[in-house]
Amino acid sequence: MSSDGASTQADESNLDDCVIRQEEETNPQLNSRNLSWTKLQRADSLDVESASLGAAMGGGMGWAVVLQLAFQSIGVVYGDIGTSPLYVFASTFTDGIKHNDDIIGVLSLILYTLTLIPLIKYVFIVLRANDHGDGGTFALYSLICRYVKVSLIPSQEVEDRDVSTFQLELPNKSLQRASKLQSKLENSNFAKYVLLFATMLGTSMVIGDGVLTPCISVLSAVGGLKEATSHMTEDRIVWTSVVILVTLFMVQRFGTDKVGYTFAPIIFVWFSFIAGVGVFNFIKYDTSVIKALNPIYIVDYFTRNKDQAWISLGGAVLSITGTEALFADVGHFSVRSIQISMCCVTYPALVLAYTGQASFLCKNNHLVANTFYESIPGKMYWPMFVVAVAASVIASQAMISATFSIIQQSLALGCFPRVKIVHTSNKYPGQVYIPEVNHLLMFACICVTLGFRTTPKIGTAYGIAVVLVMALTSTFLVLVMIMIWKTNLLFIILYILIIGSVELLYMSSVLYKFDQGGYLPLAFAMILMMVMCTWNYVYRNKYYFELDHKISPEAVREIVGETSTPRLPGLAVFYSELVHGIPPIFKHYVGNVPALHSVLVFVSFKSLPISRVPEEERFLFRRVQPKELQVFRCVVRYGYKDVRNEEVPFERLLVERLKEFEESGGGEVGDLERAWRSGVVHMVGEHEVAAAKGAAVWKRVVIDYGYNFLKKNLRQSNRVFDIPHKRMLKVGMTYHL
């Protein structure tokens, strides 16, 4: 790296070390003029003091905005967990109630499960493990990737850690166990694959839940009409459910903002109704159920009923379905808004609802099969029925929104095929809509609804998806506690013993009903895993192919500097995902088109394991020497929540940043300006991928059939990156992997 002038001279033997950031030390003018970047406020799980939490927690927002988001979250996040009182007691006591103390025991089990899992684990612990305000399995994985080198793609650069949102604010402790665990993960390929596989599995289960939730919610809601009128046959219920499902998915394009405002008042009324009825039943029937606050009744329940009590856990766990949406949907809102809505509305309403139902059942054991509707006071029946139907339909929204969020994250990290991400709100960048995924979810929901027709088997499938995702979240959270938060070992042990034991106990129960419908979410997960693993496998191998066949700086200078190669007026932009070096497609292009434009820019799109990269820190330039060649390399860094189709065209942003780079180095921007005005041509690699000669059968199936099928049926890179179609030239090349 040359220190002379302000031109960021590149050492001929080490092109990749030439970075604009390193100019700051040698050029104060550059530092003050062009790199006076506004650092975004740090706001994620890595802050030690709660007082330092910023916008991700809601602290950087005004209280009016936080309360507004809290109200919206009621309609989007809590529909699933909020409608659980419709069926929990009925699902738990499938063989009827044998003793009133069993009611107290199950109520105690429900209350402590609600307190330990959704409230303590998710609201007060897991939500703090957000990645700059974004949640879900991939957010936890990205946190770990940012701190520990467990990524399977070697695209890391030293400069990435200078991005304001990348920097880690860690506790000022150096604990031996954290260093040991970090070292083991970094040096074990097996551990890296396990982490990635677990992340994909958790993502697949959440997406599978996004299919199951609408099906069971709508079917159960419309099925209630069968008791209200004899004209509703099973066929009519099924087709009415299909119509409602299609309508629900069609309104998703309007965005979470509008959907949340539409649904929030209904769910708020729902919570008010179930809380009010709960208080009424508690006072009217049996106030002694307050004894459920004593957990000894849980022990007595298991002692008295033994294996039947263990099997009944599959019903009790339905009280926390939709809990993962608290974390997965946090990007649509903020941590503080979720905490407020959960603690002030959802949790109190659910506690009162279950307590009231238990009081009713103590005097009406025989009505357990239809506890919810039987416990409603006469005059409240029809209003409650209407709101219950609406709330059950709305319950689907939580997992649909969570599915959009989590696919956006997996797409950016190379674990999902290219799809279009539509940001539906200018105010809240975390609110997204994915048309292709929305249509696939709708199709899957219709198939499940028409195929199963009733809710029992779908209900059994619920438990496995819910508990497995919770267990995976706990596993990642423990890694975050040890390596990033460096939490006191005693607290980690307590978390594993208390929260971990509860989740394992529930998992053992729901797996017992695997053959009764529990296979459904696993079947969905396996299909999605095949898609994700296929795409990620080829994605990684394509990167390694380009890395192995990259063109050296010497070869670039030789090709461009040849006197026989004419230079045409204009700017040529070559696109690839290769961060280190010039992609092999350049040599392929030169071999077929013996002319080059006067200015060449090699652009690499790179996803960082963070949610967002500030626009002013997005572009990283390097120059190929000698300067007269007018050849540049540019790495464009995005987070998995960034918008890639900006309001300002990418081409204009690229040229403006390149001009700043030239000016900061004391270079003349005249050549660049003339080249731009002469015209810009975008060179996009049209890579055909094929298995290499002699490859194993499974590899040929994955690459030649699986990957190429996905590639042909999904979006091309020019549509994802908003490359002008009229000025785009596709350069074909075959990669033998």
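The backbone N, Cα and C atoms fix where each Cβ goes, glycine too.
TrEMBL labels come from automatic prediction, so no person has curated them.
Owing to the predicted nature of the structure, the values given are computational and were not obtained by experimental measurement.
Listed in TrEMBL for this protein:
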type	residues	note
DOMAIN	69-552	domain 'K+ potassium transporter integral membrane'
TRANSMEM	103-125	transmembrane segment
TRANSMEM	193-225	transmembrane segment
TRANSMEM	237-255	transmembrane segment
TRANSMEM	261-283	transmembrane segment
TRANSMEM	340-360	transmembrane segment
TRANSMEM	380-400	transmembrane segment
TRANSMEM	461-482	transmembrane segment
TRANSMEM	489-507	transmembrane segment
TRANSMEM	519-539	transmembrane segment
DOMAIN	569-737	domain 'K+ potassium transporter C-terminal'
### Chain residues in Cβ proximity to the transmembrane segment (193-225) (below 8 Å; excluding those fewer than six residues from its ends, i.e. six or more beyond)
79-80, 83, 86-87, 136-138, 140-141, 144, 150, 152, 185, 232, 237-238, 240-241, 244-245, 248, 321-322, 324, 328, 373, 385, 388-390, 392-393, 395-396, 398-400, 402-403, 406-407, 410, 415, 441, 444-445, 448-449, 452, 454-455, 458-459, 461-462, 465-466, 468-469, 472-473, 475-476, 520-521, 524-526, 528-529, 532-533, 536
### the transmembrane segment (103-125) vs the transmembrane segment (519-539): 3 or more CB pairs under 8 Å
no
### Query
For the domain 'K+ potassium transporter C-terminal' (569-737), what's the model's average pLDDT?
80
### Message
At a threshold of under 8 Å on Cβ distances, which of 237-255, 340-360, 461-482, 489-507 pairs most often with the transmembrane segment (519-539)?
### Response
461-482
